[in-house]
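K.L.:
Pasting a structure here, questions to come.
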Amino acid sequence: MRHRPSRECVTEVEPPRLSVLRLGHRRERDKRITSHLGLTARAFGADEVILAGEEDPSALETWNSVAERFGGEFECRFEAKPMSWLRRFSKSGTIVHLTMYGEPWNEAIAGIPTDSPTVVVVGGTKVPGELFRMADHNVAVGNQPHSEVAALAVFLESWLGPVDDSSRFTGGQIEVVPSERGKRVLNREED
């Protein structure tokens, strides 16, 4: 820890924003996996999740409800034109595309900056070829088919490190208290 002179003004600096973009969502087919993807993004450190593909208010409602009940700052929204949004984003931020065709995550992580706005793109249906070219990093958590939720969790944990639940998820109605045995839950609504 660096010691500061007593007269030095210290201001809080906001960390760069981390977004997760769910590309190509199909309302009926992807309902559960997209829901879990957003919850995983929140739990592992994302500031927002962006839904693209078929509009699905139920996914947004689920994410908003969890953030309200369990605390923390988390945003979610629908993006009608995700590729246009990504083109604009690429001018000032880093695009990480999670794909089984990318470079190994454990090798790629060191080259991905943590000091600029970043969007992690997770595809549902076939991803446009343009995304592979536009992405700053095409990253694979294994080169075999498996869950995009697992890939997102492994990537975020490895890239950002462990999430400190106690400082990140404040202000909720419900708090899960870690326990070796059983369930301990504080419900602030009942207080």
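Note that Cβ sites are derived from N, Cα and C of the backbone, with glycine treated the same way.
Pulled the feature table from TrEMBL, pasting it below:
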BINDING   Leu98, Val141, Gly142, Asn143, Gln144, Pro145, His146, Ser147, Glu148  S-adenosyl-L-methionine binding site
K.L.:
Cβ within 8 angstroms of the Cβ centroid of Leu98, Val141, Gly142, Asn143, Gln144, Pro145, His146, Ser147, Glu148: which residues besides those meet this for the S-adenosyl-L-methionine site?
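P.N.:
Counting only non-site residues, the set is Met100, Ala140, Ala150, Ala151.
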K.L.:
Which of these binding-site residues has the least crowded Cβ, counting other Cβ atoms within 10 Å: Leu98, Gly142, Gln144, Glu148?
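P.N.:
Least crowded of the binding-site residues Leu98, Gly142, Gln144, Glu148, by Cβ count within 10 Å, is Gln144.
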K.L.:
When you look at Leu98, Val141, Gly142, Asn143, Gln144, Pro145, His146, Ser147, Glu148, which the record names as binding S-adenosyl-L-methionine, what is the longest CA to CA distance in angstrom?
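P.N.:
It comes out at 12 Å between the most distant Cα atoms.
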K.L.:
Tell me the Cβ contacts of His146 (S-adenosyl-L-methionine binding site) under 8 Å, same chain only and six or more apart in sequence, or just say none.
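P.N.:
Once residues fewer than 6 apart are set aside, His146 (S-adenosyl-L-methionine binding site) is near Met100.
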K.L.:
Work out the three-state DSSP category of Glu148 (S-adenosyl-L-methionine binding site).
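P.N.:
Its secondary structure by DSSP: helix.
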